[in-house]
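Visitor: I am attaching a structure below and will ask some questions about it afterwards.
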């Protein structure tokens, strides 16, 4: 009974963290959404010429989303990594055509969620020349010669380009007015504000203060539980309803393979902007990138649902064949619908206003999913959460806290998906309010609640295979999940440094985001101790330990800490590298090696228990997992090299010069991009072998002769 109470206390810590982070965001939303960068009702020159209106700015933002341009280039550094940064391009144009670039704001200094267009701006007469020059440059990239820039031929109509020009020029003016803390950097035009430096120092102080105390506490707790009793739970062969989950594994592995091919195509556009085999006509760069990113989320989430169908009966929640098929069918419908929506929407095959709901929202930074599909994803996550909450009351006593933490993680992600679907029927008018909501969703998926889903599941596998004491697993899952939720969700604010949000977010984001380092360090430490203990005897035990270690070191320590939270999140560093290939390196290490490898481990576990993978095949799979990790590390090194050249360009010329087709076609950049093929081949080879074993395993587990 005492152990039960202690386990409940640990899992309640995760629940409290979940409630706290959403309360914080709801509380701070009121101030944030009434202090948005102003959208003027009209911008006119000193001699009375109307440059553009607030309605054109709002329409331009919506058109950027409709055409998928945020999956091509970026705005204030947010969006795609291949195309130009549109605001930096506008700042360059202003610098070349307007001297001095004066802007007089007549009216309120902020817009709000209820009042988008607020003030009247009067600008120097030369802004007419800046507007026309910017329009001509955009016309060249997005219409006249768009197929030379990795986009569909004649992508954006000249009429729509007028509104897009207004939106982009507005963004540059907002930067000049100081709403983005001096971003993007243009020598002798913009520079980081004092808050950027000060918040960085606070970040370092917070890390040192928390890290020492947390390391001491967790180290003592590990020693307390390290020699606690362990258990071994023999599992019977899966039932027919459990095997339905293997169908999901089959489709997840197929999608993983397609996702890899789309990644190759996306990188090919860097060296050959006109594409290959005529694919640019329906799979240009922006569509390829959007599908590549979203397919990763789909196959990993599909794996979780499929493995849940497989594992829940072992946790005391029997599922009928009808319910299992219904859950899997709904998940497949949501995943395929989400991907088809992006493909059809960006190819302009879904009319207004339905493209936003059933197609692609087109928001920056991977938030492409139509709102209908996001709400469906939220429903699936909440359904899975309810089943795991049920399991937390019926499974074996030592596993109850772990299943409860998984349920909380699914609940938190489901709530995040609802935030991401807002305002459901039409885009937000202000770019900053859009960013506010979409980053809550993205972090609820990745840095915030996904660890609370995956860590307990992996620990359950380790516990039932006699590798980790249940008490240690409960403590580790609770501390890591709670700290990931707090640091990952509050740390979402590190995406609010340069997006026009109130400046307090910079201090909050810097202080919280650096703490993402702490739970990742602990996970790496746990995995290393597990490996050093050397008690894995069976091939399956060795596979569990090896995959956990590779994931923790490659994805957690190298990808998330060295390539992410500890460096990129520091405001003064982020100011210069925001939106550069360093972030791509972080993503290509952390995402496949943390979420990808743990999903693959779920494939292997389900197939091993279903007799689809034999003992003698596990060693080969372990080797492939190591090669897979090496391939992505090689990709990361190549992307760091690209980022280094970009950074040098930013410092020497300005942010505008460090992105775009012409930048990547320079000989040194072209060579670096081609060298990435080494990592691509290594990772692709390993992934292919793993997928083949998985597909064969599913077929064998159904006793189909091949």
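Even glycines carry a Cβ here, placed using N, Cα and C.
Feature list, courtesy of TrEMBL:
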DOMAIN    40-94  domain 'Nitric oxide reductase subunit B cytochrome c-like'
TRANSMEM  73-94  transmembrane segment
TRANSMEM  161-180  transmembrane segment
TRANSMEM  244-271  transmembrane segment
TRANSMEM  371-389  transmembrane segment
TRANSMEM  401-425  transmembrane segment
TRANSMEM  437-464  transmembrane segment
TRANSMEM  476-498  transmembrane segment
TRANSMEM  504-531  transmembrane segment
TRANSMEM  543-568  transmembrane segment
TRANSMEM  588-609  transmembrane segment
TRANSMEM  621-651  transmembrane segment
TRANSMEM  671-695  transmembrane segment
Visitor: How many of the residues that make up the domain 'Nitric oxide reductase subunit B cytochrome c-like' (40-94) does DSSP mark as helix, as strand and as coil?
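Guide: The counts are 25 helix, 13 strand, 17 coil.
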Visitor: At a Cβ cut-off of 8 Å, and with pairs 6 or more apart in sequence only, do we get at least 3 pairs between the transmembrane segment (244-271) and the transmembrane segment (588-609), yes or no?
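Guide: Counting Cβ pairs under 8 Å (6 or more apart in sequence), the transmembrane segment (244-271) reaches the transmembrane segment (588-609), since there are 3 or more.
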Visitor: What stretch in 73-94, 371-389, 401-425, 588-609 has the biggest tally of Cβ pairs under 8 Å against the transmembrane segment (543-568)?
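Guide: Stretch with maximum Cβ contacts: 588-609.
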Visitor: Count the CB pairs under 8 A between the transmembrane segment (401-425) and each of 73-94, 371-389, 437-464, 504-531, 621-651, then give me the winner.
Guide: 437-464
Visitor: On average, what pLDDT score does this prediction assign to the domain 'Nitric oxide reductase subunit B cytochrome c-like' (40-94)?
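Guide: Within the domain 'Nitric oxide reductase subunit B cytochrome c-like' (40-94), the model's average pLDDT equals 95.
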